[in-house]
Amino acid sequence: MTIIPKERKQRKHKQVADEKAPLLPSKHQEEEFDEFNGGSYTGAVFNLSTTIVGAGIMALPATMKVLGLVPGILMIVFMAFLTECSVEMLLRFSKAGKTVSYGELMGETFGKYGRIALQGCVVVNNVGVLIVYMIIIGDVISGTSASGTHHSGILEGWFGVHWWNGRFFVLLFTTLGVFAPLACLKRVDSLRYTSALSVALAVVFVIITAGIAIVKMINGSIAMPRLVPEVPNLTSVWNLFTVVPVLVTAYICHYNVHPIYNELEVPSQIQSIVRSSLGLCSTVYVTTSFFGFLLFGDSTLDDVLANFDTNLGIPYSSLLNDAVRVSYALHLMLVFPIIFFALRLNMDGLLFPSAGPLSSDNKRFAMISTGLIVIVFVGANFIPSIWDAFQFTGATAAVCIGFIFPACITLKDPRRIATRKDKIISMFMIVLAVFSNLVAIYSDADALIKKNSSSPVS
């Protein structure tokens, strides 16, 4: 399923993969990709960064409203450190066991059911994420009335209401014109240019937000942001913990680390690539959170993009709002294929665990790609309660992928290479992940119950 360049075997400083290991390409496939000399450092950084920075960036300013700027920023940096530790553990145990995928490492450590658990979590998490991305793209471009109040989309605001800028046709065109062509690429390194553009668009959002905040600061129309949380009562203390799931899942990228590593021209660069990606994403997260909260203060919504649907109180407000929404919609379109890549690999592992490399079987590749795109498209268009379902399953699957599974591998220590520090960090990660899950499930269930109880009875 994962393509490993032939040149990787020819360099003395590179690890020789076990010929009997699963997911390795056949000799025919190696000859087919002789021209591919391996993925570049820059391309790998952009691909991993794009895996990290998705829709979650829009929820981070709201965490500052709850925690205050200082604890909020410290938590963002701390979670980057914890993610780097968990990825490093995965790579170290993979190298010791000569495993070439996260699923294979789970299989070696916990057997067949360990591999199935990991692949199932990736499928659940990524299907949910991609459906949410498609819903957001539809909301931004064609508008939405899901909350009872109609919010005009970009095309509706520019051209008025027409059949061709309705939600269904916008998502159909996006699926056929953007998602399907990019989903046909068989190497993760082939997505390096779209990933670079995706990161650039996220930076554009940060620059626009920072520019607006600075202009309003000069005008004196921005109040001093809250630096620490306000905790007047016990309810406020509980409210502090509701942001933990957002922060814990902000850096989930573990399912794409091995595919990127396997295609590198210089595999020894992977740790530096992980650190560079986390550093880049942390910078984007911190600046977005800081300027977003500075700009909107206590009016910051759970999805800060919704704040850009109103008058910003500066010249060219409407133009800037459209620029933010367009750049964000394009950003999500380009994040889609990198998340889809891991989804397809893991779905293939679940359905055809004994089959050869996915990239060498065009029929299987086309069948799985088409089926998954159809599922995501149908989910975004026709399942009204998809948000509620994936608020539960998405949070659970994400923390398993990012923290619980790496920590369990380290604690079991099948190769006897874990240090005391590794095991202490692993235990902390499990406690944090379980606590995050419990908070997420409780807060989502509580919100759902309140929403249903407040709905008028027909």
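For all residues, glycine too, the Cβ spot is worked out from N, Cα and C.
TrEMBL annotations:
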type: DOMAIN; residues: 39-443; note: domain 'Amino acid transporter transmembrane'
type: REGION; residues: 1-24; note: region 'Disordered'
type: TRANSMEM; residues: 44-63; note: transmembrane segment
type: TRANSMEM; residues: 69-91; note: transmembrane segment
type: TRANSMEM; residues: 116-137; note: transmembrane segment
type: TRANSMEM; residues: 168-185; note: transmembrane segment
type: TRANSMEM; residues: 197-218; note: transmembrane segment
type: TRANSMEM; residues: 238-257; note: transmembrane segment
type: TRANSMEM; residues: 278-297; note: transmembrane segment
type: TRANSMEM; residues: 326-345; note: transmembrane segment
type: TRANSMEM; residues: 365-383; note: transmembrane segment
type: TRANSMEM; residues: 389-412; note: transmembrane segment
type: TRANSMEM; residues: 424-443; note: transmembrane segment
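Under the criterion of 3 or more C-beta pairs below 8 Å, with sequence separation of 6 or more, the transmembrane segment (326-345) and the transmembrane segment (278-297) do not qualify as touching, having fewer than 3 such pairs. Long-range contacts of the transmembrane segment (365-383) within the same chain, counting only residues at least 6 positions beyond its ends with a Cβ under 8 Å from a Cβ of the stretch, are 127, 130-131, 134-135, 138, 167-168, 171-172, 175, 179-180, 183-184, 186, 340, 343-344, 347-348, 351, 358-359, 389. Below 8 angstroms of C-beta separation, residues 60, 63, 102, 105, 225-229, 243, 247-248, 250-254, 257-258, 261, 270-271, 274-275, 278-279, 281-282, 285-286, 289-290, 293, 402-403, 406-407, 409-410, 418, 422, 425-426, 429, 432 of the same chain, each at least six residues beyond the ends of the transmembrane segment (69-91), sit close to that stretch. The stretch with the most CB contacts under 8 Å to the transmembrane segment (197-218), chosen from 44-63, 168-185, 238-257, 278-297, 424-443, is 278-297.
Sequence-distant contacts of the transmembrane segment (424-443) (same chain, six or more residues past either end, CB-CB distance under 8 Å): 82, 85-86, 89, 241-242, 244-245, 248-249, 391-392, 395-396, 399-400, 402-404, 406-408, 410-411, 418.
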